[in-house]
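Marked as heme b b562 binding site by Swiss-Prot on the basis of similarity to another entry: 83, 182. The heme b b566 binding site annotation in Swiss-Prot covers 97, 196. Among the features that Swiss-Prot reports, ubiquinone binding site is placed at 201. As annotated by Swiss-Prot, transmembrane segment applies to 33-53, 77-98, 113-133, 178-198, 226-246, 288-308, 320-340, 347-367, with the evidence given as similarity to another entry.
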């Protein structure tokens with residue numbers, strides 16, 4: 001068996017990636033989220049495949065086909081809710097994975113980090129298009145509002161929006177192409193994940209101390225395979241509790257009303273995992289400025305290696321930056337809350353303050369804190 005594992009051209013790849021991979025001996029449970037994201041992706045592709053067998057991407061039948069899946073297809077309700085809530089679990093793992101990267105300075109592995117940002121954008125695009133498919137009120141109006149933002153681009157904006165719509169409004173053509181893109185993107189994401197892992201295995205994993213761990217490595221299997229299995233069981237338990245007891249808790253009741261272009265819902269808002277970005281978008285009165293802030297809210301992650309001023313890699317031993325980090329986490333929770341609130345006083349002002357704070361902490365306060373800590377420790 002050992003000979004096949006180490007010699008066979010295909011199995012050898014798996015061996016070097018998941019079995020004999022030298023791994024730091026001290027990585028904590030925060031390093032579990034990579035494998036959990038892989039599990040989430042597999043769940044989403046499988047449940048999505050079965051949903052696609054029964055779904056019809058036509059404006060007249062899309063809503064009914066989703067109802068048909070839930071009512072008439074064997075375990076259709078289970079597949080549908082696993083897919084919908086699986087997306088939420090996917091984003092929870094994504095945010096924790098990125099948060100871990102920021103905390104422990106993993107962004108210094110630039111290729112891996114940038115690939116991760118591309119993956120984040122791809123997953124967000126997939127989730128957005130998937131939300132449009134049930135063709136409920138929030139699906140339709142969410143698609144209308146978000147695609148309409150592209151009209152803020154000078155000169156080509158209006159033409160671009162109509163090109164994406166395939167007409168003069170969100171209609172049949174839009175739904176069909178969104179379904180096509182929603183189906184193909186997860187497979188593109190899978191390919192990007194392999195590239196992400198390729199870059200990661202060039203440098204090896206980071207670890208909680210932020211120090212070089214070449215002198216203290218252990219094989220990935222059995223130590224981390226069993227650890228990942230525990231994480232997977234906990235994730236599946238959480239997902240199934242959500243699916244079987246509270247399937248609609250994260251959804252919007254408006255999406256149980258079929259899409260009606262003549263009736264606008266009182267509060268148009270995206271799924272919970274986009275609310276922080278939506279709050280940043282709404283906090284800027286100018287349309288183009290809002291769109292740029294929205295893109296920058298994620299793209300700012302790409303500038304983190306440039307903004308790293310500390311002589312230490314992570315923030316494990318840096319109390320000032322740690323304080324900044326947890327204020328940033330709190331700020332993101334506030335933005336998520338604000339994104340779901342109506343556009344009125346005092347929410348507008350809270351959103352604006354939280355948006356400024358978000359960018360200020362990353363661009364100004366964390367780099368300054370790094371310099372101060374260098375001086376205190378005499379590392380400058």
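Each position is counted from 1, following the chain as shown.
The backbone N, Cα and C atoms fix where each Cβ goes, glycine too.
Sequence-distant contacts of residue 97 (heme b b566 binding site), defined by Cβ-Cβ distance under 8 angstroms and a gap of at least six in the same chain, are 33, 34, 37, 116. Counted over residue pairs 6 or more apart, the CB atoms of the transmembrane segment (33-53) and the transmembrane segment (226-246) come under 8 Å in at least three pairs, which marks the two as touching. Within the same chain, the residues at least 6 positions away from residue 83 (heme b b562 binding site) whose Cβ sits under 8 Å from its Cβ are 44, 47, 48, 51, listed in sequence order. Long-range neighbours of residue 196 (heme b b566 binding site) (same chain, six or more residues apart, CB within less than 8 Å of its CB): 112, 115, 116, 119.
The binding-site residues 182, 201 differ in how many other CB atoms lie within 10 Å of their CB, and the one with the most is 182. Pairs of Cβ atoms less than 8 Å apart link the transmembrane segment (288-308) most often to 113-133, out of 113-133, 178-198, 226-246, 320-340. Here the transmembrane segment (178-198) does not lie next to the transmembrane segment (226-246) in space: the count of CB pairs under 8 Å, restricted to residues six or more apart, is fewer than 3. Taking Cβ pairs closer than 8 Å, the transmembrane segment (226-246) reaches residues 29, 32-33, 35-36, 39-40, 43, 78, 81-82, 85-86, 88-89, 93 in its own chain, all 6 or more past its ends. For the pair formed by residue 201 (ubiquinone binding site) and residue 182 (heme b b562 binding site), distance between Cα atoms is given as 29 Å, rounded to the nearest Å. Long-range contacts of the transmembrane segment (113-133) within the same chain: residues 55, 57, 62, 66, 87, 90-91, 94, 97-98, 101, 106-107, 139-140, 142-143, 146, 174-175, 178-179, 181-182, 185-186, 188-189, 192-193, 195-196, 199, 270-271, 273-274, 298-299, 301-302, 304-305, each at least 6 residues beyond the stretch ends and with a Cβ under 8 Å from a Cβ of the stretch.
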